[in-house]
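Input: a single structure, listed below in structure tokens.
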Amino acid sequence: MLPPSRRDFVSLTVSESGSYTNSKQWRRQSCWRKWKQLSRLQRSLILFTLMLLLQLFLVFLFLSAESRLEAVREAFRHAWKGYKNFAWGHDELKPISKSYGEWFGLGLTLIDALDTMWILGLEEEFAEARQWVAKELSFDKNVDVNLFESTIRILGSLLSTYHLTGDSLFLEKAKDIGSRLMPAFNTASKIPYSDVNIGKGTAHPPQWTSDSSVAEVTSIQLEFRELSRLTGDPKYKLAVMEVMKQVHKLDGKQDGLVPMFINTNNGLFTHQGMYTLGARADSYYEYLLKQWIQGGKTEKEFLDDYLQAVEGVKKNLLKKSTPSGLAFVGELSHGHFSPKMDHLVCFLPGTLALGAHYGLPADHMELAKQLMETCYQMYAQMETGLSPEIAHFNMHEGSTQDVDVKIADRHNLLRPETVESLFYLYRFTKDKKYQQWGWEILQNFNKYTRVPTGGYTSINNVRDPASPNPRDKMESFFLGETLKYFYLLFSEDPNLISLDKYVFNTEAHPLPIWNSL
Ligand code: DMJ
């Protein structure tokens, strides 16, 4: 029995509103009293145990983050092993046939992966790749390259690697490829051709058309603008800004949404009336926001066009699926809505979240979260847990599943967009579910696309776990983007490529934000 002065009692106080409010307060006082009744030894023991549990919890968190980071490094090493053994210095690994494929003949995978190796801390692999760049890489070759692909993968990676390492080798190579790509802009309209011969200095459109794709001509700006800043030569920036100036003023947009093609002779949109956030338009929207960020938020036309486009998406392309009500972004063709969404569109949650981080309306973040869930479901609802290239969402009442996949769309090319968006969403919200979703996806890549002798392969059928049917190709963006974004997603360090200092190009190569230097 307690002495009278220490006996527990309940003191009730009436709040201003007249209700009794102190049961919590009472519990707190009672705990405090019990605590004071303990001996010093008992208190020390309890404190010690609590501290121990806290430390164990922190160690557990650290180890689970560390083991996920290590799993990404291991995946990279495995991919690199295949590339090194069977495709060294060539564009792409064919892991099943243990050979390689050429696209431009410029060691595309090796170059695309440079900054990933640096970020993952793979020093040995980086050193041997640097050696190859120093000794073997030559752009003085009679080859046709695609302006957009070589800008985002080669120029982008060289610039990024230069910034991360401070090694002037990469800047010299960036200047070389950058200047060799410039003939693409010698067109009647100044809208660049799709292809350039970097040895001959000639350029041309594809054989079947004089059009270029809108995404391609409007997603080379971050790289060429940065090249001008670094070299002090304005010609690169002027060329790409001219494209943006023209596209900004062009007729044929719908609520800020752009058609998919533009003619290099007259500079007008072609195939008008078709709007998508997928192939051939996707990174136009991404680069509007990112140029505004790169330039220190001063170039208002980019922001205006971006904000208008987001409204355009909401008004024309955003719908909900049945039965689960997943928000998705479809396509519009001459006023007819199609519930088709490319996996490529999954860059959008990340871009919207990045905009919200930079002060754009909070509802962009809400939309980002909804679309993120949808992109995750495009993986989770498949039998392999891997997304198809294209999903069709059901909208009619009574449908029992949200996502349908046409037979021709069942492939997975190891694309990065969903992992990219998961990275942004995790950085900004710290919600662990995004890391967990990414972890599931990485495990499914390991289960269905990893080739035992080295490398990962695209697959033909995400709906058949028993027979996913390998395509025998490892795209360079798997190393350049997908694995890099996995690593950044699992990292708890917000300063590992801080989003206040860097902006990622559309191939995941971080470039500096100018006013943050
Ligand atoms: C990459 O080359 C880039 O991310 C581009 O913007 C879209 N296609 C691939 C990845 O899917």
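Glycine is no exception: its Cβ is also placed from the backbone N, Cα and C atoms.
For the recorded site, GLU149 (active site, proton donor), the DSSP three-state label reads helix. Contacts of GLU149 (active site, proton donor) defined by a Cβ separation under 8 A and a same-chain sequence distance of 6+ are given as TRP103, PHE104, in order along the sequence. If you look up TrEMBL, you'll see GLU149 (among others) marked as active site, proton donor.
The active site annotation in TrEMBL covers ASP282 (among others). Around the Cβ of ASP282 (active site), 24 further Cβ atoms fall within 10 Å across all displayed protein chains.
The active site, proton donor annotation in TrEMBL covers GLU389 (among others). Under DSSP, GLU389 (active site, proton donor) is assigned to coil, being neither helix nor strand in the three-state scheme. The Cβ of GLU389 (active site, proton donor) has ASP342, HIS343, ASP409, ARG410, HIS411, ASN412, LEU413, ARG415 as same-chain neighbours under 8 Å, each 6 or more residues away in sequence.
What TrEMBL lists as active site is GLU417 (among others). Listed in sequence order, the residues of the same chain lying 6 or more apart from GLU417 (active site) and placing their CB within less than 8 Å of its CB are HIS343, LEU344, VAL345, CYS346, PHE347, GLY350, CYS375. DSSP classifies GLU417 (active site) as helix under the three-state reduction.
Taking a C-beta cut-off of under 8 angstroms and a sequence separation of 6 or more, THR506 (Ca(2+) binding site) has the following same-chain neighbours: ILE152, SER219, SER283, GLU286, TYR287, PHE347. Per TrEMBL, Ca(2+) binding site is recorded for THR506.
Under DSSP, CYS346 (disulfide bond) is assigned to a helix (H, G or I) in the three-state scheme. Annotated disulfide bond per TrEMBL: CYS346-CYS375, in sequence order.
Residues or ranges marked as transmembrane segment by TrEMBL: 44-63.
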With the Cβ atom as the reference point and anything under 6 Å counting, tell me which of the recorded positions (GLU149, CYS346, CYS375, GLU389) are near ligand 1.
none
Ten-angstrom check, please: count other Cβ atoms within 10 Å of the Cβ of CYS375 (disulfide bond), all chains counted.
29
